[in-house]
Every structure is written in structure tokens, then in C-alpha cells.
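What follows is a single structure, written as C-alpha cells, with notes after it.
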Amino acid sequence: MPCVQAQYSPSPPGSSYAAQTYSSEYTTEIMNPDYTKLTMDLGSTEITATATTSLPSISTFVEGYSSNYELKPSCVYQMQRPLIKVEEGRAPSYHHHHHHHHHHHHHHQQQHQQPSIPPASSPEDEVLPSTSMYFKQSPPSTPTTPAFPPQAGALWDEALPSAPGCIAPGPLLDPPMKAVPTVAGARFPLFHFKPSPPHPPAPSPAGGHHLGYDPTAAAALSLPLGAAAAAGSQAAALESHPYGLPLAKRAAPLAFPPLGLTPSPTASSLLGESPSLPSPPSRSSSSGEGTCAVCGDNAACQHYGVRTCEGCKGFFKRTVQKNAKYVCLANKNCPVDKRRRNRCQYCRFQKCLSVGMVKEVVRTDSLKGRRGRLPSKPKSPLQQEPSQPSPPSPPICMMNALVRALTDSTPRDLDYSRYCPTDQAAAGTDAEHVQQFYNLLTASIDVSRSWAEKIPGFTDLPKEDQTLLIESAFLELFVLRLSIRSNTAEDKFVFCNGLVLHRLQCLRGFGEWLDSIKDFSLNLQSLNLDIQALACLSALSMITERHGLKEPKRVEELCNKITSSLKDHQSKGQALEPTESKVLGALVELRKICTLGLQRIFYLKLEDLVSPPSIIDKLFLDTLPF
């Protein structure tokens, strides 16, 4: 039997029809080791005659081998003589569009040549070899795919159950290419179609093209050829539109190892999908792709070196641009997720840094946020002063100033040099503990004064009113700042100068007042107030109506501005929960605790172990409620 090597690509003029090579090359692949003879179910996809015009003519595989074949000394496959069984004695016609200048008689022969039919009484009809093909006549039908317009012509229907197998021509490419691994566990072969290169594609109303048969690296059929199997498989990796065709569920042991091909990017998306119209591959999220590294929310792309959501990106950018300083009300290990990311800005910013967000990438110059555009022309002095400022501007400026003032008054470094959680913490005389108590109160007064000067509008008040407000609220500010900074759950108290002391070290000086401060701190931290609410709480504890003010009206206006900024912060949805009622309730509790503080100072004065500083003595007398 002669060795035949058929190539399908554009052929030079004068060559025989069987030796022509077409632009679309054929390749096969053993998709599963359990298959030897595969039957193609082509009825589900309804491939029209136009979609199969690039297939080789049946005359290529007719029984007569005469002179239309070129004999090659070395062939890839040695096939048996194919037998083509045609229903009703008529084979479907194949119309191939020649894209090169071929002889006219070749084109005429392609449209009218009929394959030879073997005798019906031959024994080969009962058991067809593996290289035989069975064609069944089927009427034209309307294609389900809108990309393929309906055309009249013979259609391939499904293969009969009695047919042992249906194969496509094997990959007889020259020169051969290197075989690559196969797709493990694949259930469906992929048929790829691509536009014919010589003629521009004519798009259909649904966006389809005149397509040619082009199986690529992921599209192939199994070709069991018995003992004369090939040692490698070749494929032409071309971009194409995939349309899956199912294989018949007929299995038999293989006589040779399967041929492997490179998996197509769309192979995974076609498994389990409808073979007629596979959907495009979806983005895989198994490796965490598409989630924010900070809070776990949806994230489209990377920001500042890490895949983050828009909320965490904006939070990180604002924090770096404004050089904001945050304070954690808990143990600096607050959970940061989609639901609780706004509760603690300190822990959120620390997590941004821990996941790898780079502060140096944030633009802090005059072009920040403009995405590379040139700065606009400077406005004239008349244009820079708006005739009527927008209402939200003053509250927003007030809120930013309050937060900045609170963070600036927070100690940068903590001093653990005197921290002692053991029983030796109570060492020392009572006078030393009382003196320590007075020193801590005195240091808080200086911090409160520098903090108050950064509040917008406070320095516009009369000097007498400024002094009165600071001195009247010094105990409230002392308790509030101590409650915000301290980790009272572990009995660690952080004072305004950064000194960290254990509860046992403060108990002899503070007395029972220390337990009241601890309870207030735990309740305040349970409210989950953000830094904006804490800043407003600190300001409202000082700027309020006091007896002896010279201009109480101006103090009331400043208090209303702070309250408006808090309401504006809550109305814009920036606060996680309603905060105004919580802030007002915390103010009431703060006043009660300050009364206990006055009682403690009064008791120490009566004890007279240590003379109080003059500033403490004056403040005590001025803040008495009688």
C-alpha cells in the first residue's frame, strides 16, 4: 500500500488537487486515553456548507489513487484505504472557495466530483476500518448561532450509532513541529474557525464572518491508526473563534499513547459549558485576585503597589497627603474588613503599610490628583475670592482642623522607663505618689493650651474667655485624653507626656477616681467612635457655656460650628454609626467623672501630704460649682 502525505495549504499552479495545501491546516489530538474510535456529533452545532468550505474535497479520499497523489518516500502516517459510506448513494457536495489562481478544471472538478462507493456486498461494509467515514444526508436547517447565516446546502448531521467511528484527516504537516502536552481530562474537542486570508470577511448582522475550518493547538480529534501510529503531533497555533463539538461517548482501549497539544486559553471555559456557544473565559478568583488586600472588598486594579479597593486607595492617599496622625482606641490590633474598616483609622493605615502600599508613590505636589495634566492658569485675586462660599466648606475645614489638632497633641513616642506591672509598682511613699499625680495634671494643662490654639475661631475670642475655657475644662480634657490613649483593658495608662504607668503605680495617687476613669475609657472605646467624632468630643468638652464669659454669644457660635461639622460628617455617610447622640452622651458622663476628680483634689488638699502647685490650686478654686 502506498504512503500518502496530504498537505492542505495554497498549492502552486499545475499541482494535482490531492497535493494542494490550504490556508487552514488540520490537526488532531487524542483528547482522552479512553477513546480509540470517536464519533462526532455534529448535529448540535449545525455547521453549514459555508462553514465547511475549507474542508478537503471527498475526492481526496476516494478509492482510486491513480495519479492525483504525490508519493513521498517518508510519510507521517500510513493509512488504510478509506471507505466512504454514503446514505442513499449520494454524498454531500463540497464547495471550496479558491483564494489563489488555480486551473479552471480543478475548480469544476471540485464541485461535481462524486466519491466512489464500495460494493454493498463487500465484507468491509459490515465492519468498517478506523479510517472509514460515514456521511448521512440531512436537510438544511436554521443555525442556532447568529454568526452563521442560513444557506442552502447539504449539512452534516450526527453519525449513526452503528458507525464504528468518524475521523478527520490526520495532521500531515510538513515540516513537523514539536509535540507538546495534552489537556488532561478534556471532554470536548474544540473546532476553531478563522476568516479566509485572501478575501476580506463580510460580517453578518450578528457580527459573524465567512469562516474557514481551522483547528488549532487546543482543537483536535483523536486519530487511532493502529500499530502504525505517529511519534509526534503538530499544530498551527492561530487566533480563532472557538466553537465546541461534542464527541460520541464510545470508549475502547488505545493501541498507542495519546498525542498531546498545548491547551487553549478557552479550553477550561468550554468544559462543562454548552458546546454550541461557549462563553468567554471568566476571571479566576481562586488565588484572591480581585479582592482588596486591606479590607477584602472588590478591587479592580493595583494602587500604590498593592491591589486595593477605591475606598482604601483614597484613604491611603488622603492620609499621606495630609500627613494625618491617627490614634487607636484599643490595642492597635482592630479588625480591618469591609464592614469595620472605618472604625479605626490607625489600624487601617497600619494595615495599608503592612500589605506593601508605598507612601512615596503618593503625589504631594501641586499637581496631585490631576493625572499628568498641566496646571491651569492662576486665577486673578477677584476670581480666587468667591462671592458666596458653598455651605459645606466651613464644616469640612473645621473638621480637618479639629482632627489635626487632636493628632498633633498626641505623644509621638511612649515612655516605658517607669512602667512596672508587678507588686513593686506601689513602692515609694504616699507623698511621692501624690506629687506624681500633681505633675501629671500640670503637664496636661500645657498640652491643652497648645491644642486649643489650633481650633479655628478659638484665638478670635477674648483672651479672658480663652483662659476661662481652658481652665474650666482642664480636668475633662485630662480624663478624655487619658481614656483615648490608654489600654485600660490591660491596666496600661498613657498620659499626655507619653509616660506609661500601670494601674498599681497610679492607684495611691488617683485613688478611687482611677477606677472611674477606667470604666469611662472602656465605655468610650465600646462606642467605636472614629477620629472625627473624638476630635469633636474634645472640642465640645471645652467650648461650651461657662460662668463668667465676656462674649458668650461668640462662644456659642463656635460651639454650633463644631456641632455642624459633626452632623455634616454623619450625614455624608462617613461615620459608620450615628455619632452625635453618642458624643453628647459621652459629654454627660465626662462631666460626672470630672466632679469625682475635684473631690480627689479636695481630699488631697485636706490630707496635706504635698502642697498642690499654684496652678492646680487656682484651677481647683475656679472650677468649684459653688
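If you go along the chain as it appears here, the first residue is 1 and each next one adds 1.
Here the Cβ of each residue, glycine as well, is placed from N, Cα and C on the backbone.
Note that the structure is predicted; figures quoted are calculated from it, not measured.
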Q: Have a look at 166-186, 292-312, 460-480 and point to the one annotated zinc finger in Swiss-Prot.
A: 292-312
Q: Looking at the candidate ranges 3-27, 53-77, 328-352, 403-427, report the one that Swiss-Prot labels zinc finger.
A: 328-352
**Q.** Secondary structure tally of the DNA-binding region (289-364) (DSSP, helix then strand then coil)
**A.** 26 helix, 6 strand, 44 coil
